[in-house]
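Here's the structure, in structure tokens; my notes come after.
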């Protein structure tokens, strides 16, 4: 038996097609189509079923009793259908393509946002690296300055050492000369 079911109301974007496809898979229905459509400017879901009379009756009863949580159903109509019902895979593929069509712009927006954030982060890191580089240069200059001061202190120490050595040698010579004079005077006086 072939049947067309029209479900009218707030029925788009609430999971109706997924629910109906799962129902068809549950009963092993090979020929099943489900589409979001607009009829007289109102949302509707059109369902096409080609299955045994028993399965069609079960599906009709379940559609009348069950609906997705956020759906608002205004009416459900059933009528015989005389055309070919597509294989269920076509509805599944159409559903997937539709969702990819919705997802791709969102994914592209996310990608662009990530790129922008990456560019911003790279610029910020570049600026921070430049800042750190400048600070390292300043520290290097200070280290060089300290090194120059240490070199100057070293030179002064060397000069002091040299001056001290000359002073000590000069004093030692003078003391030795005075001792020699004292010894000479003591010898003259016969004390030594």
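For all residues, glycine too, the Cβ spot is worked out from N, Cα and C.
Quick caveat, the model's predicted, so the values are computed rather than measured.
Marked as active site by TrEMBL: 17 (among others). Taking a C-beta cut-off of under 8 Å and a sequence gap of six or more, residue 17 (active site) has these contacts in its own chain: 34, 35, 36, 45, 91, 95. Residue 17 (active site) carries a helical DSSP state (H, G or I).
A strand conformation is recorded for residue 36 (active site) in the three-state DSSP classification. Marked as active site by TrEMBL: 36 (among others).
Here the domain 'Acylphosphatase-like' (2-99) has, by DSSP, the following mix of helix, strand and coil residues: 36 helix, 37 strand, 25 coil. For 2-99, the entry in TrEMBL reads domain 'Acylphosphatase-like'.
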Per-residue pLDDT averaged over the domain 'Acylphosphatase-like' (2-99), given as an integer: 94
